[in-house]
2 protein chains.
Amino acid sequence: MGLNSNRIEHFSDLEAPPPSMQETATPSIQPPPLEVHRVCLPPPRTTAQKLRHRLSDIFFPDDPLHKFKDQSWHRKLVLGLQFLFPIFKWAPNYNLQLLKSDVVSGLTIGSLAIPQGISYAKLANLPPIIGLYSSFVPPLIYSVLGSSRHLAVGPVSIASLVMGTMLSEVVSYTEEPILYLQLAFTATFFAGVFQSSLGFLRLGFIIDFLSKATLVGFMAGAAVIVSLQQLKGMLGIVHFTAKMQMLPVLSSVVHHKNEWSWQTIVMGVAFLVLLLTARQISMRKPKLFWISAAAPLASVILSTILVVCLKSKAPQIKTIGHLPKGVNPLSLNMLFFRGSHLALTFKTGLITGILSLTEGIAVGRTFASLQNYQVDGNQEMVAIGLMNMAGSCTSCYVTTGSFSRSAVNYNAGAQTVVSNVIMAAAVLVTLLLLMPLFQYTPNLILAAIIITAVIGLIDYEAAIRLWKVDKLDFLACLCSFLGVLFISVPAGLAIAVGVSVFKILLHVTRPNTALLGNIPGTQIYQNLSRYREAVRIPCFLILAVEAPIYFANTTYLHERIMRWIREEEELLVSNNKSNVKCVILDMTAVTAIDTSGIDMINELRKMLEIRSLKLVLANPVGSVVEKLHRSNVLTSFEMEGLYLTVGEAVVDISSSWKA
Amino acid sequence: MGLNSNRIEHFSDLEAPPPSMQETATPSIQPPPLEVHRVCLPPPRTTAQKLRHRLSDIFFPDDPLHKFKDQSWHRKLVLGLQFLFPIFKWAPNYNLQLLKSDVVSGLTIGSLAIPQGISYAKLANLPPIIGLYSSFVPPLIYSVLGSSRHLAVGPVSIASLVMGTMLSEVVSYTEEPILYLQLAFTATFFAGVFQSSLGFLRLGFIIDFLSKATLVGFMAGAAVIVSLQQLKGMLGIVHFTAKMQMLPVLSSVVHHKNEWSWQTIVMGVAFLVLLLTARQISMRKPKLFWISAAAPLASVILSTILVVCLKSKAPQIKTIGHLPKGVNPLSLNMLFFRGSHLALTFKTGLITGILSLTEGIAVGRTFASLQNYQVDGNQEMVAIGLMNMAGSCTSCYVTTGSFSRSAVNYNAGAQTVVSNVIMAAAVLVTLLLLMPLFQYTPNLILAAIIITAVIGLIDYEAAIRLWKVDKLDFLACLCSFLGVLFISVPAGLAIAVGVSVFKILLHVTRPNTALLGNIPGTQIYQNLSRYREAVRIPCFLILAVEAPIYFANTTYLHERIMRWIREEEELLVSNNKSNVKCVILDMTAVTAIDTSGIDMINELRKMLEIRSLKLVLANPVGSVVEKLHRSNVLTSFEMEGLYLTVGEAVVDISSSWKA
């Protein structure tokens, strides 16, 4: 039996019961297939229907509105409010028990947020106070809009570093501090706009293009750069390069050897060892998380006291200096959208926006999966974006969910975002009352805190795993690492994304093809080079094509298939076996085809016909059959040529030869 | 029976007979599968072996050295010579019969090449004589190096147009003719270097990224632009814009209405109608190919005579003017690789190089497949590249195989590349003796010849077919068409390539997933929405993932799979059916996985375990099993979780439930 006009049919479910609910008993021992099954076209749909389906799949894969289905009007309103403001989801069930946990964890992350805030602001070349401002307003906004329960919001090292790098390459933060501040706030505003519009437009998948492999390399590179930069504070150097590449930083360290101060070095190294030890203890025993959480604040206090005591003996040790008291001043008037720096702030906003989004979403998802609740990526983007837009108007720079603080938050037993509110309260108390105490805090302690924080970003175990599992992933990782170290942060990222995309294209351009054989006693056809028990079927050449057939691979596939046939024929001739009469392409993994691919199949069929070889296709997926049908290639396959499985093709064609 | 440590095994073929030659009788009626088959790992290979295999697959998919295997030393030498200089393949068997055919076809394409050469040189804003030079040296070189038997080599419209556009945007060909000429030769040299290095480095697949859809749009756009540009010659306008976009050209036509000359228009339109009619006749009846082949030369002669006769009455008709006699002068001294225009010539060379390569290779392949011989893409690139490098030193600009002239060549019965030699001889005679005759040839006839040639590039039927078969291909086509018309030639191309690559990325980012059901009485599992007869298996949710699992789609796939489970559970609850207990992922079409994908599968497994759902994988391909194995995810699947087919998974898991 071959393919006749009704071998291909549209599935029409006008009369049949909805197919979705038809069920059968578990198939156990079945009679072997005696009949040949028809290859179906997918149910007919108009272009508009297809477009709608495709768009809903691109933008709404999670079907965010499914909760609203079949609900009363009142319930829909409540659900809508909960959707927009996740606070309504947990607030009604909030109780004293939860509050107790949240206060403990909130105070813990507060004690971490204050020294980190000051340090990260230094990393972004901003006044230290901006770091505290940024730990006050954004957490409050996130607690209303955010859907993660464990995210601890505030400035983070990567975004601070990138902003510092990109802005200070154009504007000097020492010579034009006000302009630099304006640019930072404007970039933060752009980052917020970009983040929230990604969420609103449901384009969240864009951040997926920063693969984990890329990020491992990028973060390690950034950590090395940041640590080297901190040598300024640790060695007490005054005149330091503003550049971020490895070589200028190292040469700057060496060239200003005369500025090194041994007092600073001794104290810095001592505190660094202290902080690293605390970190190590907490990593070994997660129950002792509070040691590493309390260590930064304790070190700040201790070092400040030391500096006050030693002030006369070691005047070389640089301190933070005077910090203004009071809550965040408004900074709406500092945003500016004209002039020559617009492109710079836009670009900085875009890159810090993507990076902070990536960190925030990844952290949120990690802790959500540990506690088995869902975090909606697009909604989180809107929350983080709005938080940054509001932040840019209240003297904050880019903030997001920090990995280190969220981990402390989680380990300290945080239950809801209320822990962020408690942290903000702690920062508020600091801003209002404790600012003068920081005047004698030495810069070296900030450097030590930064080094301790970023050293955790060097995940060499992940890099080793990448090398073991996937060499191309490792290459992407290495590229972003070296790119960040030796060229620049945006270039490193761009190269890494390029390598990742190249990897996808390479897979499509040079797809795998495999020779299949039958596993005796079954209808299973498997790769001959993998399954020793699989055997060839005489007169048949069965090939699996393992990629969509696209313009980028049609030439290759054509050549490769012809080579398989040539090699097979040479092998058969040298063994005096009967020659190939039929080529079966197993199309199961050909998940898509374009017009070039259709032309290739048609061309191949004609070419094989000249050599009196038959070409048949087994198990083409719906969209492929549809396109073959619409391009009239199916009619050129005439009476035969499409089968549901390789097994049926073999049985049917061999029986037609016998007849 | 579940997966235990020996369910996964390496295929070792140390002792078994070579599996490639094992054969079985045609499997006909088979007992149903009672045993569960093991999932095999691919044979173990070292990283170096894998790299070598991958590289040979990327760069040598056609195994070009297979002919040299098991040959004697002497034979290898002959084959090597034939490989480098295809002339040695056909020259020994060349005879008078073949020569006769080649002389006829060579003279035919010669008569076409002379007027086209002059016209296309005008299109590139070069002196007309350069077009004749370019029809003399390159064909001679190609006849030694080229492997196509029907390619007619010379200047082509697209490359001429692009070179003209790109160079004249920076340098005026009227004000600085010498500099312009130097730039053109240098760009030609770069084009040749680029083409031959693509061939040498076996990177020919780069031109595959210009898909047919892109080229249809690009050529139609270029044809419209070129035709509009020819209004200058057809209307007799003197002051015309040098820009290539649609709007400046049209406004230039309208603004210089006072320069229109009715004598030119009447004569131009008359010859255009003549040429188009000749073309139409030859297209309807391929046997009358000589009508359209002879028409341009006949028109040139006729129009020249007319102009000479009417010289006193219609002095408005512009003519070519004086052309120097003699063969190609050397132009090595006109190549220059320094100064501010280096980037321009490099870019122009790159783009004209790619475009002319695309045309040359496509034309060569088309006629080779009509006569069932092979054209080696990489070898052709080397030939075309060397021909252009030599051309740039002998006053030629970019040349390649022209579609229109090759078609005439083929129809006129060309048998070997000797027809190119005959054509070159005809051009030589023209250069030496007939140049003064062209002095009074009117420009309008060149415009008419160009319009007739490029109008054939507008393939609206192909565009309609693209729309019918593949909307995204049509979009790429439309983008390149509009991009060329309204922005610029390189921008149009870049946009179109971008759309094509975006299409591949979109397919990977948002892959299809489908719910499978059993076709009763078989072990076949197929898409429930396509096959009405397919039925669900109670307690199982069987999902096919139709794409490699990459960083770009892990988030989507995770969400989408969870949504399938949620929807299925809701459906089952509303129908009071027993709940899902096991999720089977059919991995047949998951042709690759990266570390993010592995993490996703692991994550999914843990998440489903919390909901007491079992996750198993059916038929993972070799590289996927290997990576799962190396990343230790297989051990987390513990005793069960990998099956060779969906059918075996269902049978095995249900029987384990019964037990």
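Counting begins at 1 with the first residue displayed.
Here the Cβ of each residue, glycine as well, is placed from N, Cα and C on the backbone.
No curator has checked TrEMBL annotations; they are predicted automatically.
Per TrEMBL, the feature domain 'STAS' maps to B:530-653.
Look at TrEMBL and you will find B:1-29 tagged as region 'Disordered'.
Counting residues 6+ beyond its ends, the transmembrane segment (B:151-173) has Cβ neighbours under 8 Å at 109, 113, 116-117, 120-121, 123-126, 131, 134-135, 138-139, 142, 179-180, 183-184, 187, 219, 222, 225-226, 242-244, 341, 344, 347-348, 351-352, 355-356, 359-360, 363-364, 367, 387, 397-403, 405-406, 408-409, 414, 417, 419-420, 423, 450, 453-454, 457, 488-490 in the same chain. According to TrEMBL, the feature transmembrane segment maps to B:151-173 (among others).
Sequence annotations record features per position, and here TrEMBL assigns transmembrane segment to B:179-201 (among others).
For B:213-240 (among others), the entry in TrEMBL reads transmembrane segment. Beyond its flanks by at least six residues, the transmembrane segment (B:213-240) meets 123, 157-158, 161-162, 246, 249-250, 252-253, 256, 259-261, 263-265, 268-269, 272, 316-318, 358, 443-444, 446-448, 450-451, 454-455, 457-460, 462-463, 466, 470, 473-474, 476-485, 489, 492-493, 496-497, 499-500 of its own chain at Cβ-Cβ distances under 8 Å.
Summarising the annotation, TrEMBL assigns transmembrane segment to B:260-276 (among others).
Annotation comment: TrEMBL describes B:288-308 (among others) as transmembrane segment.
The transmembrane segment feature in TrEMBL is assigned to B:335-357 (among others).
Here TrEMBL flags B:417-438 (among others) as transmembrane segment.
Within the chain carrying the transmembrane segment (B:444-462), a Cβ under 8 angstroms from the stretch's Cβ atoms is held by residues 115-116, 118-120, 122-123, 128, 157-158, 212, 216, 219-220, 222-224, 226-227, 230-234, 236, 264, 267-268, 271-272, 275-276, 279, 296, 299-300, 303, 317-318, 320, 404, all 6 or more beyond its ends. Residues annotated as transmembrane segment in TrEMBL: B:444-462 (among others).
Annotation comment: TrEMBL describes B:474-502 (among others) as transmembrane segment. Long-range contacts of the transmembrane segment (B:474-502) within its own chain (CB-CB distance under 8 A, at least 6 residues past either end) are made by residues 161-162, 165-166, 209-211, 213-218, 220-222, 224-225, 244-247, 347, 351, 355, 463, 466-467.
Across B:260-276, B:288-308, B:335-357, B:417-438, stretch B:335-357 shows the highest tally of CB pairs under 8 A with the transmembrane segment (B:179-201). Confidence across the domain 'STAS' (B:530-653), taken as the mean pLDDT and rounded to a whole number, stands at 86. Residues 156, 158-159, 162-163, 166-167, 170-171, 179, 182-183, 185-195, 198, 206-207, 210, 381, 384-385, 388, 392-393, 398-400, 489-490, 493 of the same chain, all 6+ positions outside the transmembrane segment (B:335-357), place their C-beta atoms under 8 angstroms from a C-beta of that stretch. The list of residues near the transmembrane segment (B:288-308) in space but at least 6 beyond its ends in sequence, with Cβ under 8 angstroms from a Cβ of it, reads 108-109, 111-112, 114-116, 267, 271, 274-275, 278-279, 281-282, 314, 317, 319, 407-408, 411-412, 437-438, 440-442, 444-445, 448-449, 452.
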